[in-house]
Amino acid sequence: MLPRLVCISDYEQHVRSVLQKSVYDYYRSGANDQETLADNIQAFSRWKLYPRMLRNVADIDLSTSVLGQRVSMPICVGATAMQCMAHVDGELATVRACQTMGTGMMLSSWATSSIEEVAEAGPEALRWMQLYIYKDREISRQIVKRAEKQGYKAIFVTVDTPYLGNRIDDVRNRFKLPPQLRMKNFETNDLAFSPKGNFGDNSGLAEYVAQAIDPSLSWDDITWLRRLTSLPIVVKGILRGDDAKEAVKHGVDGILVSNHGARQLDGVPATIDVLPEIVEAVEGKVEVFLDGGVRKGTDVLKALALGAKAVFVGRPIIWGLAFQGEKGVQDVLEILKEEFRLAMALSGCQNVKVIDKTLVRKNPLAVSKI
């Protein structure tokens with residue numbers, strides 16, 4: 001009999017004993033001492049909720065829009081690579097769950113299911129494409145054009161990975177893809193991170209990034225991407241107000257406040273702590289989103305109160321996927337949705353439009369660990 005899992009931490013605790021160690025470590029771990037990994041979650045507790053009373057909350061509307069597309073709730077699925085390591089159906093199970101739940105999924109360029117396969121599995125799902133800028137720009141261009149053709153609604157370009165962060169668990173485990181898997185958006189063994197490729201004796205993914213991803217990425221590449229596609233462009237990985245302003249100048253449609261799940265530069269702030277700076281910097285000109293550390297419905301409420309249009313979740317989706325495939329992903333999303341609904345009701349919020357910064361204040365006694 002399967003255990004009864006009722007919150008996100010239950011899922012992570014359970015799948016730790018289910019997944020192969022190197023796979024679990026890959027999904028779970030952060031960079032270096034993992035200070036930011038812990039802080040991403042702990043930071044939410046530094047922001048306290050100040051609920052409104054005597055509001056009619058008999059009916060709660062969670063729906064909102066992301067880049068002009070309607071979603072049932074401001075909880076979306078972030079780009080998590082190589083999901084077939086967690087479950088045989090991988091990204092196909094995830095997109096089907098998103099389709100059922102009426103929310104959006106960002107597909108990783110490094111998926112173990114192709115752009116086309118995911119579109120076929122979730123034809124009615126709201127899908128976005130995550131993009132890395134490769135040394136060979138033609139590779140990135142083809143990913144964008146394939147995503148356009150298959151009905152993906154936006155491009156989320158990752159800008160925080162000129163090199164891969166020092167993920168010590170991956171180095172210890174000499175992380176590589178299992179022999180039966182490959183990144184299915186690429187043809188050659190080297191680009192597909194195939195076990196047949198040569199990726200050294202340490203973290204194979206770090207070697208892959210060093211070989212393939214362009215460390216000379218600059219704002220000129222955002223201009224190039226803007227000329228390449230008419231799809232909305234979201235810059236993923238911004239943590240400073242001046243970078244946010246520069247992104248707006250370069251014509252992006254959104255900013256995803258992200259520290260890559262604490263997997264790149266350890267010691268950066270938790271995303272919830274820098275969110276207000278980014279929201280202030282863009283002056284309402286583009287939509288702002290957040291990922292990193294979202295584990296509860298109250299986390300979602302706090303992020304929206306501080307100005308995020310929606311949040312993206314990554315690891316919780318993997319834990320649900322590893323537990324029970326499509327159903328596990330759907331159950332995780334249902335848990336977050338119902339927790340968020342309750343948090344809204346107990347805060348006096350009938351819909352997401354009335355969620356504002358008066359609902360949260362930073363605890364003056366709380367001191368960040370970063």
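Here the Cβ of each residue, glycine as well, is placed from N, Cα and C on the backbone.
For the domain 'FMN hydroxy acid dehydrogenase' (1-365), the model gives a mean pLDDT of 98. Taken from Swiss-Prot, the feature domain 'FMN hydroxy acid dehydrogenase' covers 1-365.
Every protein chain shown contributes to the tally, and the Cβ of Arg167 (glyoxylate binding site) ends up with 24 other Cβ atoms within 10 Å. Sequence annotations record features per position, and here Swiss-Prot assigns glyoxylate binding site to Tyr26, Tyr132, Arg167, His260, Arg263 based on similarity to another entry.
Taken from Swiss-Prot, the feature FMN binding site covers 79-81, Ser108, Gln130, Thr158, Lys236, Ser258, 291-295, 314-315, and the record attributes it to similarity to another entry. In the structure as shown, the Cβ atom of Ala79 (FMN binding site) sits within 10 Å of 24 other Cβ atoms.
Following the DSSP three-state reduction, the secondary structure of Lys184 (N6-succinyllysine) is coil. Residues within less than 8 Å, Cβ to Cβ, of Lys184 (N6-succinyllysine) and separated from it by at least 6 positions along the same chain comprise Ala111, Thr112, Ser113, Ser114, Glu117, Ala192. For Lys184, the entry in Swiss-Prot reads N6-succinyllysine, with the evidence type a large-scale study or a structure entry.
DSSP assigns Ser194 (phosphoserine) to coil, not to a helix or a strand. Its Cβ placed at the centre, Ser194 (phosphoserine) has 17 other Cβ atoms within 10 Å. Among the features that Swiss-Prot reports, phosphoserine is placed at Ser194 (among others).
Within the same chain, no residue at least 6 positions away in sequence has its Cβ under 8 Å from that of Ser230 (phosphoserine). Among the features that Swiss-Prot reports, phosphoserine is placed at Ser230 (among others), with the record citing similarity to another entry.
The Cβ of His260 (glyoxylate binding site) has 23 other Cβ atoms within 10 Å, all protein chains considered. Positions annotated as active site, proton acceptor by Swiss-Prot, on the basis of sequence analysis: His260.
Classification of Arg315 (FMN binding site) by DSSP places it within a helix. Secondary structure at Arg295 (FMN binding site), as computed by DSSP, is coil.
Each residue contributes its Cα atom, and for Ser194 (phosphoserine) and Gly293 (FMN binding site) these two points are 30 Å apart.
Other Cβ atoms within 10 Å of the Cβ of Arg263 (glyoxylate binding site) number 23 in total over all chains.
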